[in-house]
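Feature annotations, reproduced from TrEMBL:
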| type | residues | note |
| --- | --- | --- |
| TRANSMEM | B:6-25 | transmembrane segment |
| TRANSMEM | B:46-72 | transmembrane segment |
| TRANSMEM | B:78-97 | transmembrane segment |
| TRANSMEM | B:117-137 | transmembrane segment |
| TRANSMEM | B:181-209 | transmembrane segment |
| DOMAIN | B:184-400 | domain 'ABC transmembrane type-1' |
| TRANSMEM | B:229-257 | transmembrane segment |
| TRANSMEM | B:264-282 | transmembrane segment |
| TRANSMEM | B:382-404 | transmembrane segment |
């Protein structure tokens with residue numbers, strides 16, 4: 001990616017003065033650029049004119065009351081919404097100079113570069129080793145057995161799971177505890193070596209200790225990956241995210257540096273939400 | 001008097017007594033209640049209670065009597081039996097009328113009886129299984145007294161030949177041999193052919209319906225496939241014998257092969273067609289209940305849809321698919337009409353599906369039709385074959401049930 | 001570590017092709033299953049529809065005196081091989097009943113033999129070339145006609161192909177099904193009510209459940225062995241009778257009815273039961289007045305499907321002897337009878353070409369009844385389907 005490119009340029013600014021950007025230093029490279037994104041479930045509009053820039057090797061948190069469209073937006077980034085037949089999308093989601101929604105964009109190739117971790121851990125009904133090695137093998141990232149072993153070990157180490165499972169790699173992934181399963185899913189995602197990892201409330205089904213482990217993990221993973229996470233938990237956003245976007249009723253109300261947003265929110269709605277008046 | 005007339009009179013008398021019980025019980029209860037005494041139950045409930053205690057014991061007595069009559073061959077005239085039942089009914093009526101008192105829980109007493117009736121209905125299914133087991137085993141044991149079990153299991157010649165002469169007291173039955181291996185070989189051959197047709201077609205159709213098909217195609221295709229399961233087996237048998245078998249002979253002729261008109265291929269293929277819906281419908285249910293998060297997890301890794309199905313969905317559904325296939329095998333082995341009509345009668349130990357072969361079920365039918373003595377070894381051999389068939393299908397069914405239960409527990413699905 | 005989209009897409013081409021191939025293969029499988037069905041029905045219609053047509057010949061019948069002892073004397077000699085033997089047989093009887101007819105003659109349409117019938121339909125026939133020529137002549141003269149085959153629906157079985165009909169089998173089926181339903185419906189529903197509404201969850205209940213599932217999967221021929229050994233040999237139920245067949249089929253249908261009734265009972269939401277308990281109903285009252293009426297459509301649907309299954313069943317009936325030759329349908333539950341699938345089986349064993357057609361015709365009648373029954377069940381389910 002072109003690191004000299006400014007985060008924003010004048011012509012990128014949409015007509016409506018949406019608070020979609022941050023007057024940030026240009027040290028962060030752009031990862032995904034979203035312009036005028038609209039999405040409908042049948043006739044219900046779920047996302048309205050979203051504009052947002054997601055920065056490389058940062059954690060961006062999407063917060064907001066339930067049903068505000070944050071998960072739907074997340075799934076636009078790797079086109080998981082394609083799986084729902086009634087969904088219809090308009091607008092630009094740009095990554096690496098390509099329009100993600102373009103006809104000629106292969107959604108399989110996109111997902112190869114934009115991995116995802118889900119709300120509930122969903123390891124495959126295979127061994128721990130197979131869970132991690134399956135996708136890299138299919139993607140031809142590794143072919144030799146030794147490389148594969150190495151890759152699995154590296155991914156499991158990166159996910160902070162290696163020490164716990166190194167002696168039982170052949171046991172089924174489902175035999176692990178919930179928190180371990182979720183880390184296995186993260187290991188599975190990073191083994192593909194994506195650019196972006198999307199996390200859809202990755203800790204909502206987990207206990208507090210597992211949650212803390214995964215939050216630590218996110219902090220470490222951002223050295224290698226761009227992370228976009230949805231959370232219903234504001235404290236979590238404040239703890240792990242560099243940037244935070246506040247969603248409300250399908251719109252982005254405010255998007256800013258997390259510290260700024262939580263100390264001096266620009267919008268009344270944001271302030272009400274983070275101070276707990278609704279949500 | 002004719003037994004039929006006697007029965008009619010008995011029924012009428014019992015009905016009359018029942019009506020009498022109903023009205024007597026109700027009027028007594030109403031009388032007590034209108035006198036101002038509080039009662040535990042409604043008058044109608046007392047009435048039904050009296051009816052039940054009038055008819056119940058009487059029917060029980062007559063049923064018991066009938067059973068004794070048939071079983072022990074006891075010589076009780078029907079007239080006396082029915083008269084005794086009616087007396088019991090009258091006693092029941094008097095006793096229960098006496099019971100109609102304010103402090104008697106008629107409703108609870110009645111519901112206990114109803115509950116017992118329902119439970120005994122549930123017992124009938126158990127009796128059926130035991131009935132099958134008992135009838136098969138007792139006759140099979142008689143067969144094994146005549147011919148050794150070992151010879152039956154390992155023998156490779158099945159020629160009941162002159163055994164009926166022995167039963168009729170002529171000849172010594174020496175020529176008869178009951179080695180069931182060729183029959184089971186035929187059964188396995190035809191079952192294998194059927195599964196070679198049914199499992200791929202059924203499974204792949206199920207995959208198409210649950211993973212690819214638009215909902216419109218699905219709503220049409222599912223019931224249409226079910227039609228295949230609803231066609232009577234005798235019809236399939238005719239189709240196999242009249243249409244498919246000659247077709248195979250012709251085709252084999254083109255290839256320079258010699259096929260019998262009773263070849264194993266025709267019944268095998270047609271049986272496979274019949275089993276397709278069993279496999280597809282159960283596999284479809286199982287594949288549908290593989291959680292969607294599993295598919296999403298794979299797609300989110302950049303897998304294609306085909307890879308997701310092949311490497312994630314199908315392996316996850318595998319216990320259910322195997323279970324469906326085992327049920328299919330059990331079905332194919334026990335299938336009778338198709339093989340009776342299209343497969344051969346000649347016990348033939350061969351691996352060539354173009355030759356004629358016979359199966360276990362064909363020999364069972366052959367042994368039990370026709371005018372043979374029931375006591376002959378050939379007739380009894382049907383029960384020995386039935387016993388093995390029962391054992392094999394029982395094991396297949398149980399394994400299948402266990403596998404589907406494991407699948408259900410793993411994914412917490414309730415509709416399977 | 002970054003790969004560009006172009007790199008990845010390049011590598012993906014091959015995988016996408018494989019993925020698409022899987023889609024086509026699965027679609028083809030479904031198509032193949034559908035093709036089997038179409039071929040099957042086309043074949044049955046092709047073979048069976050001609051059975052509903054029958055050749056009739058216009059002949060002159062001379063009621064002379066010799067015909068009173070030998071019916072053949074009533075007909076022209078060359079007609080004898082081409083008209084049905086049954087026509088010849090009835091002449092003497094007719095004459096004995098109406099002696100006045102002697103000396104008269106009439107011109108009537110009578111049944112042709114099955115050989116003529118088959119020849120006219122273009123099938124294999126044993127007629128000699130001369131006979132064929134004679135038939136062709138009569139066709140030219142308008143003395144041969146194909147008409148709707150009423151005989152097929154008004155007659156019982158017969159060894160004479162053109163005279164054989166399906167009526168006695170239909171009546172036998174109805175009688176057998178009456179016995180089957182009369183036994184399996186009440187027992188099935190009672191068992192299901194007990195298991196769903198009353199039974200404690202203990203080992204005994206589980207044993208019954210496993211047993212029912214197993215019964216549903218036992219080969220049907222084994223039920224025939226049970227019928228033969230227990231009902232016929234032990235209890236002395238008359239062999240070949242609708243009673244024996246119906247009882248055997250009832251045991252086979254029982255699991256189907258139990259399983260569908262349980263599903264219907266389960267689909268009645270617990271809130272209904274709680275509401276009824278709340279107003280002081282006892283358990284039995286709740287079941288009788290609230291749960292059963294709501295579950296009835298589902299129970300009926302399941303029973304009809306079970307009935308249709310029993311109606312097409314042959315193997316156990318062969319074992320209990322219901323493949324009897326029944327020319328005249330009786331309406332007794334204890335006398336020998338036959339049922340439709342057994343009639344089909346018997347006909348399929350006859351070597352004559354005409355019986356192949358009869359068999360397929362019988363199959364069409366049976367399939368029509370079964371498909372209507374199943375369609376009725378589907379309509380019933382659709383009509384009363386309720387979303388809670």
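Using N, Cα and C of the backbone, Cβ positions are placed for all residues, glycine too.
Predicted automatically and left uncurated, TrEMBL annotations should be read as such.
Outside the transmembrane segment (B:78-97), and at least 6 residues removed from its termini, the chain residues within Cβ reach (under 8 Å) are 1, 3, 6-7, 9-10, 13-14, 17, 20-21, 24-25, 28, 49-50, 53-59, 61-62, 65-66, 69. Residues 132-133, 135-137, 139-140, 142-144, 152, 178, 180, 183-184, 286, 319-320, 322-324, 326-327, 329-330, 333-334, 360-361, 363-364, 367-368, 416 of the same chain, all 6+ positions outside the transmembrane segment (B:382-404), place their C-beta atoms under 8 angstroms from a C-beta of that stretch. Using a Cβ-Cβ cut-off under 8 Å and counting only residues 6 or more beyond its ends in the same chain, the transmembrane segment (B:117-137) has close neighbours at 383, 386-387, 390. Only residues 6 or more beyond the boundaries of the transmembrane segment (B:181-209), in the same chain, are considered here, and those with a CB under 8 A from a CB of the stretch are 153-158, 217-218, 221-222, 225, 264-265, 267-269, 271-281, 283-284, 287, 309, 313-314, 321, 324-325, 328-329, 332-333, 339, 343, 347-351, 353, 357-363, 385, 388.
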